[in-house]
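Student: Below are the C-alpha cells for one structure; questions will follow.
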Amino acid sequence: MAARRSPFMPTYLETILLSLYPATLILGSLFALLDPVSRAAPYNTATQSHYANTAPSYFAKKNNVFNIFFVKQGWAWVTFSYLFFLFTHPSTGPVGSLSVTPKRIRGLLRYGIVTLWWIFVTQWFFGPAIIDRGFLLTGGQCDLVELADQGKVDMDNTRQFVTGVTCKAVGGKWKGGHDISGHVFLLVLGSMFIFEEVLHVVSNSTRVKEERTIFMSDGAVKSAEVEAERAASESSGQWTLGAKIVLGVAALSLYMLLMTAAYFHTWFEKLTGLVVAFSGIFVVYFLPRAVPALRQVIGLPGV
Ligand SMILES: CCCCCCCCCCCCCCCC(=O)SCCNC(=O)CCNC(=O)[C@H](O)C(C)(C)COP(=O)(O)OP(=O)(O)OC[C@H]1O[C@@H](n2cnc3c(N)ncnc32)[C@H](O)[C@@H]1OP(=O)(O)O
C-alpha cells in the first residue's frame, strides 16, 4: 500500500487554490508591465498607485465602488457571508434553526482565530497594527514636511503618528518603510478562509474525492474521514444558498486581488501580504491536522 501523504501537505484541490494566489499576483504584475495603457499612465511611486485623473482603468482608481464598498469593508463581507453559510448548511446542524451545535462552535472558533489575525495585522496589535509596526521598524515614518512648511504642524510631533491611518488623516505622507499590502493580505486571508471552509461541499458534491490526512495521538497517519460522523459527510455536499453566496464573496475577492496586483503596490509589498495571510491559514487549517489536541478544539471543516 502506498504511504499516506503528510498531514502538512495540501490536498489536490488545496494545491490548486494555493497556487492560484501567487499566479494571480504574477499575472496582475505582468499585466502592469506589458499593458501599453498602464505603462503610459503616470505612476506615483510614493503612494504606489496611479493618479486618479490619468488612471489607466476604472479599477486603478482608489475610489472605485468595489474598493470602497467591498475591499475596504472586506471583513464585514467575509463575516456575514460565512455566518450565513455556517448556520444554514446541513453539515453543521439542523437547517432552519440557529441552534449552536459543536460543529458550529468549532466553525466560530476557526473564524475567531482568523479574525484575530486580521485584527492584529491590520487594525490593532497591543498598539499599532503589525503592518504599521513593520513599516516603522523598517525605517518609515509620517512625513509632515509640507505641512510644517505651511506652519500647520510641528515636525517634532512626527513620532506621535504611529499608524498609516492617523498619519494620512492629518495630511502627512506615510513613507520610507516597507508597507505590507493590506489589500493583498485581506483578500488572500478572507478568500482562502472561505475556500477552506467550503471545500468539503465541493469535494462531496463532485467526484473529486479529497483525502486530508491527520496524525492520530499514537503518531499514525490516517484519513481525516475516520473522525467524521457518517450523517454529516452525506449532507456535506449540498449546494445551499449560503454556500453559493460565500463562494461569490471569495470569487470577487480573487478578482479584486488581480486588480490590486495590476495597479497597486510593489512586487515585494504584494509578496509579504501573501506570506502573512498564508501564515494565518497554516495555523488554522494545516497545524490541527498534525496536532490532535488543537484539532479537538477547533476541528476540521466538514468533519
Ligand atoms: C480561540 C480564539 C478565539 C478568538 C476570539 C476573538 C475573536 C474576535 C472576534 C471579534 C469579532 C469582530 C467582528 C468583526 C466584524 C467585522 O467584520 S467589522 C469589519 C468592518 N471593517 C472592515 O471590514 C475593514 C476592512 N479593511 C481593512 O482591514 C483595511 O482597510 C485593508 C483592506 C486591510 C486595507 O488597508 P489600506 O490602508 O487600504 O492598505 P493598502 O492595501 O496597503 O493600500 C494602500 C493604498 O492603496 C489603495 N489600494 C490598494 N489596492 C487597491 C485596489 N485594488 N483598488 C483601489 N485602491 C487600492 C488603498 O485604497 C490605499 O489607499 P489610501 O486609502 O491609503 O489612500
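Cβ atoms here come from the backbone N, Cα and C positions, even for glycine.
From TrEMBL, here are the annotated features:
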{"type": "ACT_SITE", "residues": "His183", "note": "active site"}
{"type": "ACT_SITE", "residues": "His265", "note": "active site"}
{"type": "TRANSMEM", "residues": "64-87", "note": "transmembrane segment"}
{"type": "TRANSMEM", "residues": "108-126", "note": "transmembrane segment"}
{"type": "TRANSMEM", "residues": "180-202", "note": "transmembrane segment"}
{"type": "TRANSMEM", "residues": "245-265", "note": "transmembrane segment"}
{"type": "TRANSMEM", "residues": "271-288", "note": "transmembrane segment"}
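Can you walk me through where each of these features ends up in the structure?
Tutor: In this structure, His183 (active site) is part of a helix by DSSP.
According to DSSP, His265 (active site) is assigned to coil rather than to any helix or strand.
Below 8 angstroms of C-beta separation, residues 11, 13-14, 17, 21, 25, 71, 74-75, 77-78, 81-82, 85-86, 89, 91, 107, 110-111, 114, 117-118, 121-122, 130-131, 134-135, 208, 210, 236-239, 243, 246-247, 249-251, 253-254, 256-257, 260-261, 264-265, 269-270, 272-274, 276-278, 280-281, 284-285, 301-303 of the same chain, each at least six residues beyond the ends of the transmembrane segment (180-202), sit close to that stretch.
Within its own chain, the transmembrane segment (245-265) has Cβ neighbours under 8 Å at 20-21, 24-29, 31-32, 35, 38, 48-50, 55-57, 59-60, 66-67, 70-71, 74, 77-78, 81-82, 84-85, 181, 183-184, 187-188, 190-191, 194-195, 197-198, 273, counting only residues six or more beyond its boundaries.
For the transmembrane segment (271-288), same-chain residues at least 6 beyond its ends with a Cβ under 8 Å from one of its own Cβ atoms are 7-8, 10, 18, 21-22, 25, 110, 113-114, 117-118, 121, 130, 178, 180-186, 188-189, 192-193, 196, 265, 294-295, 298-301.
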Student: Within 10 Å of the Cβ of His265 (active site), how many other Cβ atoms can you find? Include all protein chains, please.
Tutor: 24
Student: For the transmembrane segment (64-87), find every same-chain residue at least 6 residues outside the stretch whose CB is under 8 Å from a CB in it, and list them.
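Tutor: Tertiary neighbours of the transmembrane segment (64-87) are 58, 93, 98, 104, 107-108, 111, 115, 118, 183, 186-187, 190, 193-194, 197-198, 240, 242-243, 245-246, 248-249, 252-253, 256, 259-260.
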Student: What's the CA to CA span in angstrom from His183 (active site) over to His265 (active site)?
Tutor: 9
Student: Give the number of CB atoms, excluding that of His183 (active site) itself, located within 10 Å of its CB.
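Tutor: Result for His183 (active site): 23 other Cβ atoms within 10 Å.
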